[in-house]
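Features of the protein shown, as given by TrEMBL:
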type: COMPBIAS; residues: 1-13; note: compositional bias 'Polar residues'
type: REGION; residues: 1-21; note: region 'Disordered'
type: REPEAT; residues: 87-172; note: repeat 'Solcar'
type: REPEAT; residues: 181-270; note: repeat 'Solcar'
Amino acid sequence: MPENSTSKNSTPSGLEHDEKQNWAASPSTVFNHFATSGLSVAVATGVTHPLDVLKVRLQMQLVGQKGPLSGMGKIFISAVKNEGPKSLYQVKIASGMFAGAIATALTNPMEVLKVRLQMNPDMRKSGPVSELRRTLSEEGIKALWKGVGPAMARAAVLTASQLATYDETKQILVRWTSLEEGFPIHLISSSVAGILSTLVTAPIDMVKTRLMLQREASGIRIYKGGFHCAYQVLLSEGPRGLYKGGFAIFARLGPQTTITFILCEELRKLAGLKAI
């Protein structure tokens, strides 16, 4: 009897010990997690950034009014022809340095500068530092946090929609099809995640852009906040106004989501980590 008692008690403690070992990640494992995720996002962002520039310019068409809109192709040709290919990568280094490392609220000033430089090619020669000085002197430091609410909401909704959709799609495909863990299932799942996240975040992205580009040097304030901006866009431009630049958003966010998840899965495999 004593022997059986000892045997029964030893099994749970052994399992508990194994669980503790599994949960205690080594520094190299933690580094691998951060490195694979960070590299995936960096590559995806670098490849798709030109589409972000086009998206901003599409969103700022016919502000406060309805009418025919220029397509992404026409704006792309115009930007390259009049401003050169570099115009599609304004503030890429500055925004890229901060976006992945600090929370959205803290990087909002960089996002404001990025959007303004993307919208105004004349500022390209002076650069972000000059635009920062001008913004501080004419509009005050609060101007650097314009659109911070929608920006934070977009970041939260984007991350949630991408991860939830990717994970759920993978589970459905594994359960209802003959697909197994690998490139095909990663491609399909990430594509679905890109489509859904675009539909969910496009209106929030529109509001964020409008607020960040609103200048108050002359005391004129068109939008009082995120909800007011959305209401005014609906009122003056119609429901379609909230989805201006929607195709450009998908053309950027779709490939970015796909590249991020596929590359992350492959890097995790190389690093000896489990699939997402």
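Cβ from N, Cα, C; glycine included.
Mean model confidence for the repeat 'Solcar' (181-270) is a pLDDT of 88. DSSP labels the residues of the repeat 'Solcar' (181-270) in these numbers: 73 helix, 0 strand, 17 coil.
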